[in-house]
Amino acid sequence: MTAAGASATAALAGGTTAMSAAANAELTPRDFTAIAAIMQSDARIALSEAKMTLVQSRLARRLREHGLSRFSEYVQLVERDKEERGRMVVALTTNHTHFFREPHHFDHLRETLMPLLREKVSQRKPVRIWSAGSSSGEEVYTIAMCLLGADRASASWLRNADVKLLATDISPPVVEAVRRAWYPENAVQAIPEAYRSAWMRPADGGFVMADEARAMVTARVLNLFESWPLKAQYDAIFCRNVMIYFADDAKEELEQRFVDQLAPEGFLYIGHSERMIGPASLRMRSCGHTIYRKGE
Ligand SMILES: C[S@@+](CC[C@H](N)C(=O)[O-])C[C@H]1O[C@@H](n2cnc3c(N)ncnc32)[C@H](O)[C@@H]1O
């Protein structure tokens, strides 16, 4: 073996050792408590001890990237390094999502909300919808496709209309995915064929959203527990499968802020296993499974 080959093998062995050391690093209750406290203070995400294995496996890569073999060293690092702290929060968010998830919400959107939005557009009023905790954009582009309709002709009501969809998430990589608007073939299979052929085109081995859908969507990094730079009142807010990660006080706080941000008679859509739990629910009425409307 040449000297270069030998040193490459040694480097590889070193790398492998660091990799397995990170993968095998033990997460002690003390380190877990410190990590959970950061998640609670930065994102209000509540991590119970049942999540220890998940935390250990999701952070193994972070340890590896820093050549660390102990979680205690990683905790010290995130306590002094703001950027790594942000990366840790991102690594511990759950971004699972898909197109047309919880389809009854989109039936409601098409049957109940859209006639109201069309009416607003005909009166030259703005329409605003927010996907809060959007992940990689499948939710906001499902909304966009419902508004555009099942064929290209059905989108004519949107021509020159002031209709804007906002997608926000705490995680920069998923916000970047919304902006890219590219999805692999297996993600696109959940989209009914008519919408797919009207509003997606093949690109780079997957599919990209049509310009008409992209033009409606603005994507921003936003921690829901920081201030919201939002001027508009929203006709609908989708915050689905996000609040499940928060403790009750955080959920109640967010519910209040969502209701404040809704226009009168605006709709709030939440995830299938969620319900409004705080006093803000008194300012809303239930109108379907996990759908609420502003106004008592
Ligand atoms: C499971 S995904 C839900 C995606 C989509 N709403 C759906 O139902 O398919 C939850 C998203 O909430 C985001 N999230 C968690 N905590 C957040 C916070 N404090 N502020 C903003 N987004 C947050 C995560 O980054 C993640 O992308």
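Backbone N, Cα and C define each Cβ position, glycine as well.
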Same S-adenosyl-L-methionine site per TrEMBL - residue from ASP31, ASP169 joining ASN95, THR97, ARG101, GLU139, ASN223, LEU224, ARG240, ASN241:
ASP169
In sequence order, which residues at least six apart in the same chain have a CB under 8 Å from the CB of ASN241 (S-adenosyl-L-methionine binding site)?
HIS96, THR97, ARG101, GLY133, GLY271, HIS272, SER273, GLU274
Compare all C-alpha positions of ASN95, THR97, ARG101, GLU139, ASP169, ASN223, LEU224, ARG240, ASN241, the record's S-adenosyl-L-methionine binders, and send over the largest distance in angstrom.
23
